[in-house]
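S.K.: Residues annotated as active site, O-(3'-phospho-DNA)-tyrosine intermediate in TrEMBL: A:Y698. Sequence annotations record features per position, and here TrEMBL assigns coiled coil to A:570-686. Annotated compositional bias 'Basic residues' per TrEMBL: A:29-42, in sequence order. TrEMBL lists A:57-79 with the feature compositional bias 'Basic and acidic residues'. Residues or ranges marked as domain 'DNA topoisomerase I eukaryotic-type' by TrEMBL: A:335-712. Feature annotation from TrEMBL assigns region 'Disordered' to A:1-156.
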Amino acid sequence: MAEDSNSVKAVEKELNDNPGSSGDVLVVKPKKKKAKAKGKAKPQHEGKEKTHRKMKTPKEESMDFEDSGDRRSQVNVKEEPEEDPGFVTKGKGKKRKRKVDNTTSEAPLPKKKKKKAAEEGQENSATVKKKIKGKKDKVIKEEGGHSVSTKKKKTKEEIEAARALKIKKKEEEEKQRWRWWEEEKYEDGIKWKFLEHKGPYFPPEYQTLPDDVKFYYNGKPVKLSLPAEEVALFFAQMMDHEYTTKEVFRNNFFRDWRKEMTLEERQLIMDLNKCDFGELHAMHKQKVEARKNLSKEEKLVNKEANQKIVDEYGCCVLDHHRERIGNFKIEPPGLFRGRGDHPKQGMLKKRIQPEDVIINCSKDSRIPEPPAGHRWKEVRHDNTVTWLASWTENVQGSCKYVMLNANSKLKGEKDWEKYEVARKLKTCVDAIRAQYQEDLKSKQMGTRQRAVALYFIDKLALRAGNEKEEGETADTVGCCSLRVEHITLHDTLDGQKCVVEFDFLGKDCIRYYNKVPVIKRVFKNLKLFMENKQEGDDLFDRLNTQMLNKHLSSLMPGLTAKVFRTYNASITLQQQLKELRNMKDNVAEKLLSYNRANRAVAILCNHQRAPPKTFEQSMANLQAKIDSRKEQLDLAKKELKQAKKEAKGSSDNKLLIVVEKKKKAVQRCEEQLLKMEVQATDREENKQIALSTSKLNYLDPRISVAWCKNMEVQLDKIYNKTLRDKFAWAIDMTEHDFVF
DNA sequence: CTTTACACTTAGAAAGATTTAA
DNA sequence: TTAAATCTTTCTAAGTGTAAAG
């Protein structure tokens with residue numbers, strides 16, 4: 001590891017080379033990218049690279065120096081490649097296989113998604129019953145809960161009472177709700193008129209280890225100073241995590257840890273491999289276990305204590321209304337867990353002090369008290385922003401904010417607005433599409449690139465792709481930041497023409513892999529863009545997100561690249577729901593359709609998750625159940641046959657009844673089997689698809705609310721409490737005839 | 001202009017709670 | 001009653017996009 005993160009703050013070479021030529025007059029300004037010193041001292045500990053579901057595709061480093069940003073100015077001018085000798089590429093790493101192949105048809109239209117997939121949601125009346133029962137239990141518990149026998153004695157009236165209570169509570173809550181969507185909006189930029197809160201909640205101070213828990217260096221016990229010990233514990237707590245096996249993580253941790261040590265400690269502890277955190281780790285595990293095994297009463301006590309904190313610190317008053325705060329707790333110190341191959345993973349995230357925190361609130365409010373013996377960094381009264389407190393985090397140097405909960409007015413209003421902008425796009429999307437199709441033929445390179453990028457963003461729902469600072473974060477890209485190695489062009493592939501194969505890491509290092517047939521013009525342009533470029537060069541070397549967004553906002557006020565994602569997600573949901581609509585379905589089937597539509601969107605947006613740890617196991621369990629049910633079915637069938645045989649000819653009523661009974665049994669078996677099989681397919685298909693992100697951020701809730709009304713499905717089958725709170729505005733205002 | 005700072009949305013993992021199965 | 005599966009909540013990283021600063 002000698003020198004790992006060579007802090008490649010790399011030589012930024014703004015080789016602002018003048019494109020030797022072509023009096024680029026007509027051409028868009030050369031964009032200067034941050035030098036991609038992708039030599040990025042990526043200490044690629046080879047070897048590792050295991051089975052990681054989402055491929056952290058190791059693009060093993062490709063060394064190079066700046067690519068001289070060579071720019072072809074005019075389309076038809078094939079420019080001399082002005083190449084750069086210093087460019088060395090070392091192959092790209094092994095790619096990880098993965099499914100999610102949402103091949104799409106053609107035309108820049110929202111794709112038609114395959115609608116196979118089955119969905120959960122077989123719950124219906126059964127669940128309702130359960131719920132009632134659940135309520136009953138709860139009430140009992142509240143009353144000091146006794147054991148089973150008591151439960152059994154609870155009568156119908158009590159169940160009724162419990163239910164009534166729930167309903168009443170709900171109504172009360174409803175009354176409390178601030179119906180901000182019926183109020184007039186504030187003038188531009190003003191977010192609130194009055195804001196009062198208690199300031200953020202700080203994590204507890206570090207408590208030193210008990211004497212019998214020791215850290216060993218080189219086999220010998222070492223009593224660490226408090227700061228060093230705290231950081232050591234951060235590491236020890238993570239030892240079951242893969243992070244702690246990664247070279248980068250270990251190096252970063254060790255470097256930062258040593259900074260916390262006393263001089264003596266630093267002189268002694270020179271090698272992480274000689275550190276033994278075993279006892280600390282064991283202690284931590286034990287604590288976790290103990291917490292899990294607390295008695296009901298103890299858990300309740302904890303819960304109540306917690307609730308108190310939430311009541312005190314988790315709420316604020318904003319313009320006469322009490323609102324929940326989303327993240328009122330200051331992030332506790334720990335080791336930075338960047339995603340993918342993050343160059344800073346393992347670095348120490350320092351403890352935040354009140355002295356680091358800026359408070360924002362009304363001048364005429366009760367100013368929050370800093371913790372005893374401390375003061376705030378600053379108290380300001382800025383009502384053009386929505387945050388209540390902020391601080392600067394030390395690892396990336398970025399700002400962190402304390403903001404309101406998603407069910408607040410501030411967040412809700414913005415969310416609503418977001419969907420309104422997307423709906424507006426619907427009215428002009430045809431014109432915009434026509435325009436970029438035209439632009440594909442433009443004489444200006446920049447315009448063509450913009451058109452192709454837009455085509456991708458629209459058709460594939462790619463993210464905009466802002467530039468990122470090299471070496472500061474994992475190497476991920478979006479549309480505008482795609483590099484030539486991220487796509488492969490196939491004149492024909494699997495019988496399809498003009499296929500573009502995408503393979504890159506997007507946000508959160510989630511791999512995007514897709515083979516997409518594109519229109520010819522796009523394909524030709526891509527070939528052109530890739531001419532004379534090498535790995536590491538930008539595909540769209542004359543485009544960036546600012547240019548793209550500037551153009552978009554000229555086409556429609558408020559339009560930016562991300563609006564396309566919202567628009568295409570929502571419109572896809574609406575279309576799919578329409579297509580799958582069948583009033584004759586039972587609730588379970590309707591829900592299945594809904595979830596399939598949801599899944600189509602999740603696939604479009606490439607929302608993935610790690611397959612649950614127990615996935616294989618639970619899949620096997622389910623399969624076993626299916627198998628045994630099959631046997632049961634066979635048996636039932638045999639018995640039916642037998643019964644029929646016996647009944648034949650005879651007019652003995654008893655025998656006929658037996659036949660009927662057997663028939664029923666077979667039928668029941670078949671139903672259950674089918675249900676389980678559907679569940680299995682569904683689970684399999686959902687293995688690495690995350691439905692929640694789109695539901696939460698991309699799908700206009702009014703589509704779902706209207707669907708529920710039309711299909712006579714209860715809203716809570718689709719939205720849980722949190723979602724219902726967040727989308728209260730939509731639930732309240734949406735009629736059955738809403739159209740996105 | 002370009003670069004950087006700021007504010008806010010979007011994201012999956014992990015922790016926690018609840019439900020279901022054994 | 002326990003264990004496992006599943007759903008919900010919390011957490012905070014990682015994006016987008018705009019405005020201010022240089």
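Don't overthink the numbers, they just go from 1 along the chain as shown.
Backbone N, Cα and C define each Cβ position, glycine as well.
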S.K.: If you draw a 10 Å sphere around the Cβ of A:Y698 (active site, O-(3'-phospho-DNA)-tyrosine intermediate), how many other Cβ atoms fall inside it, taking every protein chain shown into account?
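M.R.: Summing over all protein chains shown, A:Y698 (active site, O-(3'-phospho-DNA)-tyrosine intermediate) has 25 other Cβ atoms within 10 Å.
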S.K.: Which of the three DSSP-derived classes (helix, strand, coil) applies to A:Y698 (active site, O-(3'-phospho-DNA)-tyrosine intermediate)?
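M.R.: Going by the DSSP assignment, A:Y698 (active site, O-(3'-phospho-DNA)-tyrosine intermediate) belongs to neither helix nor strand, so it counts as coil.
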S.K.: Taking only the residues in the domain 'DNA topoisomerase I eukaryotic-type' (A:335-712), give me the average pLDDT of this model.
M.R.: 92
